[in-house]
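Record features (TrEMBL):
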DOMAIN    6-80  domain 'ACT'
DOMAIN    86-479  domain 'Major facilitator superfamily (MFS) profile'
TRANSMEM  85-108  transmembrane segment
TRANSMEM  120-140  transmembrane segment
TRANSMEM  152-170  transmembrane segment
TRANSMEM  210-232  transmembrane segment
TRANSMEM  244-263  transmembrane segment
TRANSMEM  284-307  transmembrane segment
TRANSMEM  319-339  transmembrane segment
TRANSMEM  351-368  transmembrane segment
TRANSMEM  374-401  transmembrane segment
TRANSMEM  413-436  transmembrane segment
TRANSMEM  442-460  transmembrane segment
Amino acid sequence: MPAKTVIWVIASNRPGVLARVSQSFAGCETNIERVSFGRSRDKTVARMRIAFYVEDKTLEAILHSLGQLKEVIQVRTGSNAMRALSYWAVAYGLFVTILGLNLAAPLYSVYRTQWDLSPATVVLVFAAYALVVIPSIVLFGQVSDRIGPVRILLCGIAATLSGSLCFMFANGLSMLLLARVLQGLAVGMFNGVAVSAMTELHKANSKRQAAYLAALLVTAGNALGPVLSGILAEYTPWPTRMPFLVHLLLVVPAVIGLLLVRIRSEPAGTASLHWPRVPAGIRGAFYTASLTSFLVWGVVSLFMSVVPTYLGVWVERTGFLLSGLLAAGVLGFSALGQFTLGKLPLLRMMTAGYACLLLGLAGLVLALRFHSLIILFASILLVGMGHGPLYAGSLAYVNAIAPSEARGDTVSFFYTGTYIGVAVPVLGLGLLSGAFGLERAIEGFAGWMGLCACAGYLGWRRIINGGISNEFTGNDAAK
């Protein structure tokens with residue numbers, strides 16, 4: 001459908017230049033609606049503002065034709081600024097949504113004492129969002145193809161705002177769970193839909209650059225959320241409300257920006273909704289990569305929920321800021337691990353990642369035994385350094401082996417396994433803590449995850465020995 005478009009043409013002020021510009025439009029079978037001229041200090045230069053209705057493909061042809069005219073110095077489309085604004089509005093919406101996801105991490109200890117929550121209940125509150133994210137990713141990614149991404153993103157930012165409001169006025173367990181469910185809906189709506197929208201809005205339609213920025217924003221949002229919350233809770237009044245009040249203020253520009261987003265894409269067909277499927281030829285390798293992501297996110301979830309909550313009990317040190325820094329630290333070190341170890345060949349990358357993960361789990365058990373903050377910090381460093389290459393490498397590998405016609409389904413199914421890893425292991429830990437005590441449950445959790453990690457590593461060795469190039473690296477995700 002033709003859309004109204006405005007371009008600015010700067011050309012040499014010579015006789016006949018307007019006629020030649022008009023011929024470029026006529027050659028593309030497009031009528032000029034209006035031409036106006038701007039003032040210029042340089043009398044040898046003419047500035048023209050041209051308004052017309054055109055489709056995207058025809059616009060490209062017009063711009064190319066104008067660019068071939070020797071009199072034309074510069075052509076600037078009015079849609080460029082709006083496209084850039086839309087791109088950064090979606091990016092900011094993604095960041096602020098993920099930022100709100102972990103604001104509660106330093107506050108779980110307050111909720112635990114205020115409403116006498118058990119360890120199982122604390123992990124249920126943490127994991128509730130992941131249980132909602134799983135179906136949301138599958139559903140909204142497909143719905144966006146039918147109604148367009150903007151509506152989905154607006155619903156997502158509304159869910160983000162509602163989740164923070166529920167946290168801000170929480171008066172018991174039910175409000176906490178409702179807040180996390182709303183956050184899960186928001187993440188499910190933004191995850192994938194935002195990346196797709198950013199790719200379409202990128203000035204070069206670069207999947208690589210859009211995906212890289214999205215990954216950076218997700219990592220930054222996850223890491224900065226607990227730190228921001230810890231600082232606000234530590235040094236301002238209303239520790240359980242101020243972080244979410246600030247988050248609400250940060251959400252407002254995202255709402256305004258998303259209302260201004262314009263994406264020209266048309267709905268993509270009417271295929272029926274379906275559960276993601278993995279092609280039979282790659283299932284063995286896919287399950288190994290998915291198991292790896294499941295494991296590392298299961299371990300990280302422990303450090304994002306239980307560890308900050310019981311920090312004062314285990315190491316006799318407490319404080320909102322300290323809890324926030326420890327929760328954020330594991331994701332910060334994950335980013336460092338992606339950067340430093342992600343360039344290694346596949347088997348070496350997985351070996352280093354699993355070694356760090358196993359050492360980190362052992363360090364957590366020792367930290368509980370000796371009530372040592374230093375050992376706990378070392379454990380966080382090791383788990384983060386293991387999480388980075390294992391998760392990034394697994395995702396990159398899945399993206400590389402998936403056939404192009406099935407990549408969407410394959411990656412969606414990978415994310416499904418990832419969010420199951422976020423929720424299920426810590427929920428199991430919570431149930432075990434009721435029967436054996438929290439420290440014994442964590443020791444059992446560490447042992448079981450360690451055994452699964454060994455199985456995952458053997459799976460990667462089998463993949464390499466089966467003929468997959470060991471020169472594949474985590475950086476191949478963007479290719």
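The backbone N, Cα and C atoms fix where each Cβ goes, glycine too.
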Feature contact check the transmembrane segment (152-170) with the transmembrane segment (284-307), CB under 8 Å, 3 or more pairs: no
The transmembrane segment (210-232) in contact with the transmembrane segment (85-108), cutoff 8 A, at least 3 CB pairs, sep 6+: yes
Remote residues contacting the transmembrane segment (85-108) - C-beta distance under 8 A, at least 6 residues beyond either end: 122, 125-126, 129, 153, 156-157, 160, 163-164, 167, 176, 179-180, 183, 186-187, 190, 194, 197-198, 201-203, 213-214, 217-218, 220-222, 224-226, 228-230, 233, 239-240, 243-244, 247, 250-251, 253-254, 257-258, 260-263, 304-305, 308-309, 320-321, 323-324, 327-328
For the transmembrane segment (413-436), distant same-chain residues with Cβ under 8 A (at least six beyond the ends): 118-124, 126-127, 130-131, 133-134, 137-138, 191-192, 276-278, 286, 289-291, 293-299, 301-302, 305-306, 391, 394-395, 398, 442, 444-445, 449
Positions on the same chain near the transmembrane segment (351-368), where near means CB under 8 A and six or more residues out: 295-296, 299, 302, 307, 314-315, 337, 341, 344, 375-376, 378-390, 393, 439, 442-443, 446, 449-450, 453-454, 456-457
The transmembrane segment (244-263) and the transmembrane segment (319-339) contact flag, 3+ Cβ pairs under 8 angstroms: no
Tally of DSSP helical, extended and coil residues in the domain 'ACT' (6-80): 27 helix, 30 strand, 18 coil
Residues of the parent chain within Cβ reach of the transmembrane segment (120-140), under 8 Å, 6 or more residues beyond its termini: 101, 104, 108, 111-112, 152, 156, 173, 176-177, 180-181, 183-185, 187-189, 191-193, 273, 275-276, 301, 304-306, 309, 412, 415-416, 419-420, 422-424, 426-427, 429-431, 433-434
Cβ contacts under 8 Å made by the transmembrane segment (319-339) with residues that lie 6+ beyond its boundaries: 102, 105-107, 109, 219, 222-231, 233-235, 239, 300, 303-304, 307-309, 311, 353, 356, 376-377, 380-381, 383-389, 391-392, 474
